[in-house]
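Visitor: The structure is given below, and queries will be raised subsequently.
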Amino acid sequence: MRKIGIIGLGNVGITVAYTLFTRGVADELVLIDPKSKKVRAEENDLKDALSCNHFHTKVINGDYDQLANADVLITAFGDIKATARTDDRFAEFPINVEQAKIVGPKVKASGFKGIWINISNPCDAITTILKKTSDFPKNRIFGTGTLLDTSRMKRQVADYLGNQDPKNIGGYVLGEHGNSQFTAWSTVSVGIRPLSKYISDSSKYKKLEENARQGAFEVISGKGYTSYAIATCAVRLIEAVFADAHTIFPVSVYLESLDTYIGYPAVVGANGIEHVEDISLTTAEKESLSKSADYIKGNLAKVGY
């Protein structure tokens, strides 16, 4: 039985739930949120779709005790209103720090032993706090990190080149899931060829990188929140865990060398983070990664972590 818990049923959390439901990824889906009326409504809405869905998923209006035998846990708590007038994901930090300090100990007390994937922003910092407040093994808790940012970068490159599937684009956005992130252009390719074979003007790279970085806020300015892309990323990670796929994703993983959770390529499988990849970066890219790590750690230090 594939049992998945979701803590936080805002726009992102419930989109993750719906995607899991329609794809048949979960046999049991546990919905947890302090707003009991909201949980009941989402539970009923999903259950009303059961007779028309291709898959059967048991939807549970749950609490933390339901997580004891869960295989995967998603945390997606947050307050989108905090980022409504800014392009800084750390705007949610004061609110989500307090939530993380509540959620971490409750998950620990539940006896949950599965794989924990955090979405809540700022992703790297909140993943760190959840790990520390729950004493969870660092390989079994990680964040979505720069997976979504990488997907946005691939879309931007594919659109610029024209007539390209974003899946044809390789490479990574690394660092914070936020403003200090950067595209490691030395890793980016189109099929088997480096991107430099297609784009030689450095100013084009800067524009593509900025478009990818600001992608979320363009969506938020139009619809008030993001949901589909991040939910798709989270579900893809869950699928990799269940399949023991050993797929490489740029997720928020603990890097020993930088002493923080940060977006970096890692192999995801049944044990969560199977191992962190050793990728070759330019000197400038290494400096950007270090600066991004310092930014994350600096913000954590302000709240005692």
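In case you wondered, yes, glycine gets a Cβ from its N, Cα and C as well.
Quick paste from TrEMBL:
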ACT_SITE  His177  active site, proton acceptor
BINDING   Gly8, Leu9, Gly10, Asn11, Val12, Gly13, Asp33, Asn96, Ile119, Ser120, Asn121  NAD(+) binding site
BINDING   Arg85, Arg89, Asn121, Arg152  substrate binding site
DOMAIN    3-143  domain 'Lactate/malate dehydrogenase N-terminal'
DOMAIN    146-302  domain 'Lactate/malate dehydrogenase C-terminal'
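Could you place the listed features in the three-dimensional structure?
Guide: Annotation note: His177 (active site, proton acceptor) sits in a coil segment as assigned by DSSP. All chains included, 33 other C-beta atoms sit within 10 angstroms of the C-beta of His177 (active site, proton acceptor).
DSSP assigns Gly8 (NAD(+) binding site) to coil, not to a helix or a strand. Other Cβ atoms within 10 Å of the Cβ of Gly8 (NAD(+) binding site), summed over all protein chains shown, number 24.
Contacts of Arg89 (substrate binding site) defined by a Cβ separation under 8 A and a same-chain sequence distance of 6+ are given as Thr83, Asn121, Pro122, Cys123, His177, Gly178, Asn179, in order along the sequence.
For the domain 'Lactate/malate dehydrogenase N-terminal' (3-143), the number of residues in each DSSP class (helix H, G, I; strand E, B; coil) is 70 helix, 25 strand, 46 coil.
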Visitor: Whole-number answer please: how many Å between the C-alpha atoms of Val12 (NAD(+) binding site) and Arg152 (substrate binding site)?
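Guide: Cα-Cα distance, Val12 (NAD(+) binding site) to Arg152 (substrate binding site): 17 Å.
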Visitor: Measure the Cβ-based neighbour count of Asp33 (NAD(+) binding site), defined as the other Cβ atoms within 10 Å of its Cβ.
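Guide: Asp33 (NAD(+) binding site): 21 neighbouring Cβ atoms within 10 Å.
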Visitor: May I ask for the distance between Gly8 (NAD(+) binding site) and Arg152 (substrate binding site), taken between their Cα atoms and rounded to an integer number of Å?
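Guide: Their Cα atoms are separated by 24 Å.
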Visitor: Please report how many Å separate the Cα atom of Gly10 (NAD(+) binding site) from that of Arg152 (substrate binding site), as a whole number.
Guide: 22
